[in-house]
């Protein structure tokens, strides 16, 4: 098939070393930034399905939910105020991306993660103590600023700490933590919804402080990555000491020298540009730019955040009761975690492209089937009762869809953009990736319930169209990056059938095998 090229290069270096316990610990701490994001994704959807939360803050939605105003299932939760409660976090994360990119480049990956955790803690406190809608929004905006710093720095930290042969697995831990956070949030919501007195939602929102505290306390004890240390002028002795600790060996001179060469090339490229932030727009970086725009763009248009944000709301819309909808969200959360674990085990064995393609096909088929079932049950009017058989069938199909995302576009949407950029534009590239991700997450989160009201079952077919488009995009334009050292990634583009017209071929002796 056109587009899939794995480069086999005799000059590619497999540096000595092993997967040390220290690297695993450091990676787990950084990946807990995903736990922060995942907990928030899961908790907001469950809280907005609780009557005790809706009645004081969003009374109009509460009346619809109780059937006092409208019986149309598609439009029951349609409220821009309510959706802004969820999506405002992603607006804040979007706005903070460029300051976060600057911090990550100039002050290191570690400090950016710490800053994000501190701000996130403040946001959790505001939300748990909220007495009016303004406090809810302020808390959500603070959470968003914290998430913005963490998602900027954590994937880079993981990619730069990992040995090249294990980079995919370690980076996948970030997405695995997102899924664990979503699952924990769903379990918390299910438990707090049963608390008498109507304050369970405060506990749900306040517990967001726990993953932030884990990240903060863990990050304080971690070093920065060797790449970042060299970039910021650390001494040779300090960098080599860090490399020895990371790789578990004494002889790290070869890797250190290659990192220094990459940093020197990055500095030279920066000096040749008046504004290093604009260097990414050079012709030779066109492939990376296209990927860092389209991968997060398509990732959100799979419709996954519709499921994860509003799973309890969506299940209530489909006729489930309150407890049943929260339990259904727990079930999809379990599937999400398990399927992401599959990606962790196979991404460095089978590569990125096979997972992208299989996951895309699986999501496409399940989206079309879900849309067809909802069409048959609710039609256009949106008034119907769902039998147990149909309810179980819809939950099963959503689980199939979630599994397809969780072992493909979920982890790979963070992994691939974090590993394809050269050092001189790596922070900028990750900033663009996170910006597009947060922008699309905000847009989808803000308009989903209105789109569901307007397009009804057709919304699932709209998402299916985008899943088909992005699967074809991967098939033709995304090369395989499995096992390529992160500082040697340019070969992937210079040997690709399409992208080589933009990237000069640096070594004519390289051999290419088509996947």
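Cβ coordinates are placed from backbone N, Cα and C, and glycine is handled just like the others.
Keep in mind the model is a prediction, meaning the values are calculated, not measured.
Going by TrEMBL, these are the annotated features:
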type	residues	note
DOMAIN	26-482	domain 'Major facilitator superfamily (MFS) profile'
TRANSMEM	21-39	transmembrane segment
TRANSMEM	82-99	transmembrane segment
TRANSMEM	111-131	transmembrane segment
TRANSMEM	137-158	transmembrane segment
TRANSMEM	170-191	transmembrane segment
TRANSMEM	203-222	transmembrane segment
TRANSMEM	290-313	transmembrane segment
TRANSMEM	325-347	transmembrane segment
TRANSMEM	390-410	transmembrane segment
TRANSMEM	431-451	transmembrane segment
TRANSMEM	457-478	transmembrane segment
Report, as numbers and ranges, which residues of the same chain sit near the transmembrane segment (457-478): CB under 8 Å and 6 or more residues beyond its ends. 1-4, 290-291, 294, 298, 301-303, 306, 352-353, 356-357, 360-361, 363-364, 367-368, 370-372, 374-375, 378, 409, 416, 448, 451, 498-499
Checking distant contacts: for the transmembrane segment (390-410), what same-chain residues at least six beyond its ends satisfy Cβ-Cβ under 8 A? 175, 178-179, 298-299, 302, 304, 307, 315, 318-320, 324, 328, 331-332, 335-340, 342-343, 346, 355-356, 358-363, 366-367, 369-370, 373-374, 377, 470
Under 8 angstroms, Cβ to Cβ: which one of 21-39, 203-222, 431-451 has the largest number of such pairs with the transmembrane segment (170-191)? 21-39
Hey, which bits of the same chain come close to the transmembrane segment (82-99), Cβ under 8 Å, at least six residues off its ends? 40, 44-45, 48, 54, 57-58, 61, 133, 136-137, 140-145, 147-149, 151-152, 309-310, 431, 434-435, 438-439, 441-443, 445-450
Stretch in 111-131, 137-158, 431-451 most in contact with the transmembrane segment (203-222), if contact is a CB pair under 8 A: 111-131
Near the transmembrane segment (21-39), which same-chain residues lie under 8 Å Cβ to Cβ, leaving out any that are not at least 6 residues past its ends? 109, 113, 116-117, 120, 146-147, 150-151, 153-154, 157-158, 161-163, 170, 173-185, 207-208, 210-212, 214-215, 218-219, 222-223, 245-246, 248
By Cβ distance under 8 Å, which residues at least 6 away from the ends of the transmembrane segment (111-131) in the same chain are close to it? 30, 33, 36, 57, 100, 103-104, 138-150, 152-154, 157, 202-203, 205-209, 212-213, 215-216, 219-220, 224
